[in-house]
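Engineer: Right, I'll just put the structure down here and ask away after.
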Amino acid sequence: MSATTIKPWVVGNWKMNPIHADAQQLISEFKTLLQDSPVEAEKCHLGIAPVTLALTQIQAALSEAVRPVYTVAQDLSRIAGLGAYTGEVSAELLKDSQIDYVLVGHSERRELFADTPSILNEKVKNALQAGLTVIYCVGESLQQRESGQAEQVVLQQICDIAAVVDAEQWQQIVIAYEPIWAIGTGKTASPEDAQTMHAKIREGLSQITAYAVTLPILYGGSVKPENAVELAACPDINGALVGGASLNAASFHQIAQAFANTQ
Ligand code: 13P
């Protein structure tokens, strides 16, 4: 099963970067590039995930872009609503600030911040109930890949959330496959390996949801202008979640163009 007609998504995950002045500069450069060399909105979704502190500032700056660029939160609270939860930002608070997209389950959160499957389920559930679209990240470690467990690990991570996603809510899910060994290492999965995993993910999804054929599956892990065209040509790779290269406006713009040009 392949899904070449899915409109691709290119999302920049800025992680804990950059300082305020550099963020403003980056957005300003990106807006100029979009104006001079358009990435048509009909051909590609675009998003940027800044630090929580900057979400509304970046959203305001992006509102003046020539085309929609979504502002994406990097995480949300496991607790819904409002209340005495120091340091937390709930799905409802994101929605109240017109933030409609959120990353959940990034490997850095799973590994460094103890986001366990049950915590991730609470986050996914809250986000979907508040009407957010969830970019749910999955991916195996190098050790899991080398011991032949990559597919099993990734499919389990997808099955984990099935308990909290209602039949219709699968339309609010985007999957991002990010092999941990490819994140920030300069090593990208080969387009063949990435395509193979994406096809397996889609096959796995088809056991769970009727929306498997239309569900975008993004690739993440050292995506850069040099490898974006080849990745974009794979039928089940419906976009990219870009880390390091999204901190450079020209690189991020080129990656967006690579995916838009497949349409
Ligand atoms: P890099 O593109 O820096 O490898 O990061 C990928 C990533 O983790 C995006 O979420």
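Using N, Cα and C of the backbone, Cβ positions are placed for all residues, glycine too.
Curation does not apply to TrEMBL; its annotations are automatic.
Look at TrEMBL and you will find N13, W14, K15, G184, S222, G243, G244 tagged as substrate binding site. As annotated by TrEMBL, active site, electrophile applies to H106. The active site, proton acceptor annotation in TrEMBL covers E178.
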Engineer: Over all shown protein chains, what is the count of other CB atoms within 10 A of the CB belonging to G184 (substrate binding site)?
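Structural biologist: Result for G184 (substrate binding site): 12 neighbouring Cβ atoms inside 10 Å.
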Engineer: Considering only the recorded positions N13, K15, H106, which fall within 10 Å of E178 (active site, proton acceptor) when distances are taken between Cα atoms?
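Structural biologist: Checking Cα-Cα distances against E178 (active site, proton acceptor), the recorded positions within 10 Å turn out to be H106.
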Engineer: Rounded to the nearest Å, what's the C-alpha distance separating N13 (substrate binding site) and H106 (active site, electrophile)? Just drop the number here, would you?
Structural biologist: 10
Engineer: Highest CB neighbour count within 10 A among the binding-site residues N13, S222?
Structural biologist: N13
Engineer: List the same-chain residues at least 6 positions away in sequence whose Cβ sits under 8 Å from the Cβ of K15 (substrate binding site), in sequence order, or say none.
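Structural biologist: Sequence-distant Cβ neighbours: Q74, E108, G243.
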Engineer: What is the separation, in Å, between the Cα atoms of S222 (substrate binding site) and H106 (active site, electrophile)?
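Structural biologist: Cα-Cα distance, S222 (substrate binding site) to H106 (active site, electrophile): 15 Å.
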Engineer: Determine, to the nearest whole angstrom, how far the Cα atom of G184 (substrate binding site) is from the Cα atom of the residue listed as 'active site, electrophile'.
Structural biologist: 13
